[in-house]
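**Q** Can you keep this structure in mind? I'll have questions shortly.
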Amino acid sequence: MDNHEETTTISIPMPAKVNPAAKKALLILSCILLSIGNCGGPLIMRLYFIHGGNRVWLSSFLETAGWPFILVVLIILYFHRRAAGKDGDNKHTTFIYMRPRLFFAVAFIGVLTGLDDYLYAYGVARLPISTSALILAPHLAFVAVFAYLLVKQKFTPYSINAVVLLTVGAAVLALHTSSDRPEGESKKEYAMGFVMTVAAALLYGFVLPLIELTYNKAKQDITYTLVVEIQIVMCLFATIFCTVGMIANNDFEVIRREATSFELGPTKYYAILCLSALIWQCFFLGVIGVIFCASSLLSGIIIAALLPVTEILAVVFYKEKFQAEKGVALVLSLWGFASYFYGEYKLIKRSSEPKIFSRTNGDVST
């Protein structure tokens, strides 16, 4: 060790103004929203492709196009602050918290999210739900690596165990991916779907820690209201990115014709599009809520742990095969999920224990 001292500047995020009880409730709500979006999003998107839809840019657009729904949440939070007088003066309650510096950072993340939406939609268009879901499972390993590099995420034996178990579960699922190519689809199309899905997993594994890093570098209080604003801006720019793709691909001109020829009829066609936008918005709102209350690693673990649930739902609704390997993966995923939360429980319990002080030669140490 060197004798001279080194000065290191560490960026610390501003404290979130949420009391522990509210933060716990918010985390639970975010986990529920994330679960709904993570399981329902792929299923409703696949339903569109199964019954005659074939517009990939449209599907990617719908993943974030539901952002206007979040304006309702923002308005409710505004009136709550106004009634509680949290900004000091009820008549001058702040409506927009986001500063320009944070706005441009979030806009960049939004563009990356739009690209990831397209990669993911392409994979879902070409692959069965069970296959695309398991290919996305290594996303957890990507999150862990980027979380370590970007936000110096600390790992415990329990979180490492969770990552390993969930990754092994995905590997077990991968044993039967070669025999599920949809009828009428070429090997090239199937291979492209596989590659695009892997790329989507890699990119989103980078985006989640990048959101957490943005929180850390924001240089302003990170409240839940600001988190909702971040969600809106991020989804807005992702939607703009996909809108450009739709215009280039003439998707807007085809929608009416596609609705007419849709196997379930035009009414259900438009209902599927609207429901898809709403469900995917639950996913994104859940993700940023979990990152706000906990970490990007936890959001990645929840997404990975829900993979077998998506597999089971695909079997129930789309009659996909459920091999023994999927049962093993389900057990491993639940084990990994339990491992992570047991580690968090022990950490919280340890931090709540009273500190033991010892006195030596008049000095007090902990």
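Keep in mind that glycine also has a Cβ here, set from the backbone N, Cα and C atoms.
Not my notes, these are from TrEMBL:
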- 26-50: transmembrane segment (TRANSMEM)
- 56-80: transmembrane segment (TRANSMEM)
- 101-121: transmembrane segment (TRANSMEM)
- 127-151: transmembrane segment (TRANSMEM)
- 158-178: transmembrane segment (TRANSMEM)
- 190-211: transmembrane segment (TRANSMEM)
- 223-249: transmembrane segment (TRANSMEM)
- 269-292: transmembrane segment (TRANSMEM)
- 297-318: transmembrane segment (TRANSMEM)
- 324-342: transmembrane segment (TRANSMEM)
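Would you situate these features in the structure and describe their surroundings?
**A** Nonlocal intrachain contacts for the transmembrane segment (56-80), taken as residues 6+ away from its ends with a CB within less than 8 angstroms of a stretch CB, comprise 41, 45, 48-49, 93, 95, 110, 113-114, 117-118, 120-122, 124-125, 224-225, 228-229, 231-232, 234-236, 238-239, 242-243, 245-246, 248-249, 251, 255, 273, 276-278, 280-281, 284-285.
Within its own chain, the transmembrane segment (223-249) has Cβ neighbours under 8 Å at 16-18, 26, 55, 57-58, 60-61, 63-67, 70-71, 73-74, 77-78, 81, 96-98, 102-103, 106-111, 113-115, 117-118, 211, 214, 281, 284-285, 288-289, 292, counting only residues six or more beyond its boundaries.
Long-range neighbours of the transmembrane segment (269-292) within the same chain, counting only residues 6 or more positions beyond its ends whose Cβ lies under 8 Å from a Cβ of the stretch, are 16, 26-27, 29-38, 40-41, 44-45, 47-48, 53, 58-59, 62-67, 69-70, 73, 208, 211-212, 215, 222, 224, 227-228, 230-231, 234-235, 258-259, 262, 298-299, 302.
Only residues 6 or more beyond the boundaries of the transmembrane segment (297-318), in the same chain, are considered here, and those with a CB under 8 A from a CB of the stretch are 31, 34-35, 38-39, 42-43, 46, 50, 128-130, 133-134, 136-137, 139-140, 143-144, 147, 153, 159, 162-163, 166-167, 169-170, 173, 205, 208, 287, 290-291, 326, 329-330, 333-334, 336-337, 340.
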**Q** Run the contact check on the transmembrane segment (101-121) against the transmembrane segment (190-211): 3 or more C-beta pairs under 8 Å, excluding pairs closer than 6 in sequence.
**A** yes
